[in-house]
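Now, the feature entries from TrEMBL:
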DOMAIN    B:60-256  domain 'ABC transmembrane type-1'
REGION    B:269-299  region 'Disordered'
TRANSMEM  B:9-30  transmembrane segment
TRANSMEM  B:66-85  transmembrane segment
TRANSMEM  B:97-124  transmembrane segment
TRANSMEM  B:136-158  transmembrane segment
TRANSMEM  B:179-202  transmembrane segment
TRANSMEM  B:239-259  transmembrane segment
Amino acid sequence: MSVASSTYKKVLEGDQQPKEVLVKIERVTKKFDEAVAVDDVSLTINKGEIFALLGGSGSGKSTLLRMLAGFERPTDGRIFLDGVDITDMPPYERPINMMFQSYALFPHMSVADNIAFGLKQDKMPRAEIEVRVEEMLKLVQMTEYARRKPHQLSGGQRQRVALARSLAKSPKLLLLDEPMGALDKKLRSQMQLELVEIIERVGVTCVMVTHDQEEAMTMAQRVAIMHQGWIAQIGSPVDIYETPTSRLVCEFVGSVNLFEGQVVEDAEGHALIDSPDLERNIFVGHGVSTSVQDKSITYAIRPEKLLFTTEKPAGEHNWSRGTVYDIAYLGGHSVFHVELPSGKIVQSFVANAERRGARPTWDDEVYVWWEDDSGVALRS
Amino acid sequence: MRGFSFSRLMLWVGFAFIYLPMLILVIYSFNGSRLVTVWGGWSVKWYVGLLDNTQLMNAVMRSLEIACYTAIAAVILGTLAAFVLTRVTRFKGRTMFGGLVTAPLVMPEVITGLSLLLLFVAMAQLIGWPAERGILTIWIAHTTFCTAYVSVVVSSRLRELDLSIEEAAMDLGAKPLKVFFLITIPMIAPSLAAGGMMSFALSLDDLVLASFVSGPGSTTLPMEVFSAVRLGVKPEINAIASLILLSVSLMTFIIWFFARRAEHRRKKAIQQAMEETTGIREQQGPDSRRDPSQVHATA
Amino acid sequence: MNISRSISRRMPKGRHFVIGVPFVWLFMFFLLPFIIVLKISFAEADVAIPPYTEIYAWAEQQLSIVINLSNYIFLSEDDLYLAAYLGSLQMAFFSTLLCLLIGYPMAYAIARADKDMQMVFLLLIMMPTWTAILIRVYAWMGILSSNGLLNSFLLSIGLIDDPIRILNTNVAVYIGIVYSYLPFMVLPLYANLVKHDQSLLEAAADLGSSTYNSFWKITVPLSKNGIIAGCMLVFIPVVGEFVIPELLGGPETLMIGKVLWQEFFNNRDWPVASALAVVMLAILIIPIILFNRNQAKEMEGRA
């Protein structure tokens, strides 16, 4: 767990460290026939960071990764690596290596030969190759499996070999395509941490593609949410989760309760939103910039920040009456579905801190409430 | 499922239908009597007689030679064609290319044979090549239709391959040609061997194409056999037919033996890998189970 | 999804070579010959080397092309040719049907057998295709002749009193064709059937479908591509078959492959043989296209 916390720490301290850009993607578009897979994407990736492209299938994340690797050529736009334009460079000339989702180990070669393959392409002397392979095997703790063929390895072992192979050439950039996609759930969380540890030890810059938000948030320092070929938001996992800039992002990452409403009071230090779903107005602890004509806004609040009590809250704003509609017990926490008077159903997560505490049950009358700064007002 | 079923019965009836005539043929090749339908005791004299038949032996050698060349050329061309069909999805005339590759599979031999002969005649008239028809023209004809068989076999294997394996090689710095020779070829090697053997057999087998495009003095084994058989059943033919059957069965057995051994080894290796990983888990298992309170706390 | 395209794009020089070599070969030795056949079918037979007239002439800066339709008219006027075409089609149709009826249960049984046995069965099916068709047909000659094994057997058990004539009849040709082409039916059917998800049948049974019903409603429709491939692999070559009718058939066996052979080798009438081939190709072009489409679908399956 120390690894995860160090990643998290780095995220929090990230702003103080000097940033050096490694990869610059400039207005890249990729069309397959008429279908636009990647739509005018620009982003930069800093040296030494782990960057995740997170999105559903068809979001264009894999296409973007394949353009970085050189398997696809952008229809438009340029890609720079360390200031060099690599847009038209074939994959075998790029100092970029990839770990494939299926691992793509060469079935007819031993583990050692797989790792040595890339080095042999560079015409490295034999003795040096041996040393490097040995080093890589040690790094991924596979030394005793050097002579095995890929089909004699388990899923986790194959992944280590694939990682060692892609790191052997000391690439400037490491690409991970759904790194945990072929592993079962239990092995996944273990390997996530191990992978991050190895990548950080080597110090390689890394871009990963995943559809699993938990994976992206555990492993990456910065996450880009992709949707239909464009980037919806880039930020640290904390930014993405706590301050999403659009409905799309907050709905994609985690669960969320959304309230549509109109801004009824907009001042320097606060704003009030009137939502037909709630009996009381929403109080936001900062100004909300709205246009004169369109006062409509969406207020998003995460279920774990939506609290509920059986007693009527004392405050003027930010609460509503409701009845317990359904309860899902998930072990660590429970999800309460509360029906508001308007008929809207909201979710609230409650940690099961006690083994058998007294809790509201089905059809109980409750109140949901939240702190002034718990939610986010969204314009789009 | 049920041990006995209609389809199972049909399978055995089918095999009997296929193999009984061959078996009878082999038995009768050892018939001592010149009258092929009358049993005259066991004898190998027809086999011995074959060795003295220089005309027949020449035809055998010629056929084997052509079959060798055909197998080599068809594997090369067929692999290229299969690679194009499975890896290059888009280029001008792709549909036509696909048609050109697969059509020889079904094209009646008399049509292919006639058209190839007319081509050779027209070419000889126009550019003076091929000056005479013989081994070369038969080889061209055989290669053309064997290419289709090879490309079907190889492309079905190529389609099964994980494309990212080839991409990984390219990603690690291997140029496309190197990827093809270092990665693709070794992975499809069994189907190349299968395609090559198939071409060899098909070439050795062919009568119609060879009859059309051969010239004087380039009679192949099937042509010799055909001209003899046309006049009825002959004991010498029984002998040569049996020899062909036996060599093919032997080849089949060898293929089966090696394929089965490879399969068993692979299975064993996978089993071993699985046992080891579950072994590791079991080792970890008791440790966490030893302290029940800890389990409870983490649960 | 567009992986393959990217690979091909990455080999601009190699690409032309890879496509070019097989393409040029097949164009030269498969497609071009047909054009020549078409050309010669419009020529006239001539006592010369080669034995046909040229259809175009270049004289006084004038290119004159003489399209001579007499060969086709000749074909249409003589009943023999029409009968031969019909005979071939009939022979091909019924032998394809017989192959399907025998081959489907065989392929089904192989596809349902244990993995180890599947390989043995497959090799047993394939092995005959590696031995010369000539030899397999020849084996039947000895069995079917009037003093052959079958007649001796039937006589000895008293089923018949006089030897029946089987060799040199259409029955013998049917036996020979089914015998020779059965593997070409079984193999594509097997390749298709073995891919079927067994749980589909279990789901059907779970929903109350009988084994018989499931077979007709699920297995057969799903194996459509295999059936088409198998039938085409039998039907098309059989239409032009020469060896089997020549060796096993008799005077009543009229098949176009045999007629073409005789026109070419015995009568040395190349233009008429060419015209016969052109008409045969015209008849077969639809099944061939059907086969190619089916094959392309199977070949590109996942690409």
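Using the three backbone atoms N, Cα and C, a Cβ is placed for every residue, glycine included.
Counted over residue pairs 6 or more apart, the CB atoms of the transmembrane segment (B:239-259) and the transmembrane segment (B:9-30) come under 8 Å in at least three pairs, which marks the two as touching. Between the transmembrane segment (B:97-124) and the stretches B:66-85, B:136-158, B:179-202, it is B:136-158 that has the most C-beta pairs under 8 angstroms. Within its own chain, the transmembrane segment (B:136-158) has Cβ neighbours under 8 Å at 66-67, 69-71, 73-75, 77-79, 81-83, 85-87, 101-105, 107, 112-113, 116, 120, 130, 184, 188, 190-192, 194-196, 198-199, 202-203, 206, 209-210, 212-215, 218, 220, counting only residues six or more beyond its boundaries. Nonlocal intrachain contacts for the transmembrane segment (B:179-202), taken as residues 6+ away from its ends with a CB within less than 8 angstroms of a stretch CB, comprise 67-68, 70-72, 74-75, 78-79, 83, 142, 145-146, 149-150, 153-154, 156-158, 161, 165-166, 169-170, 248, 251, 255.
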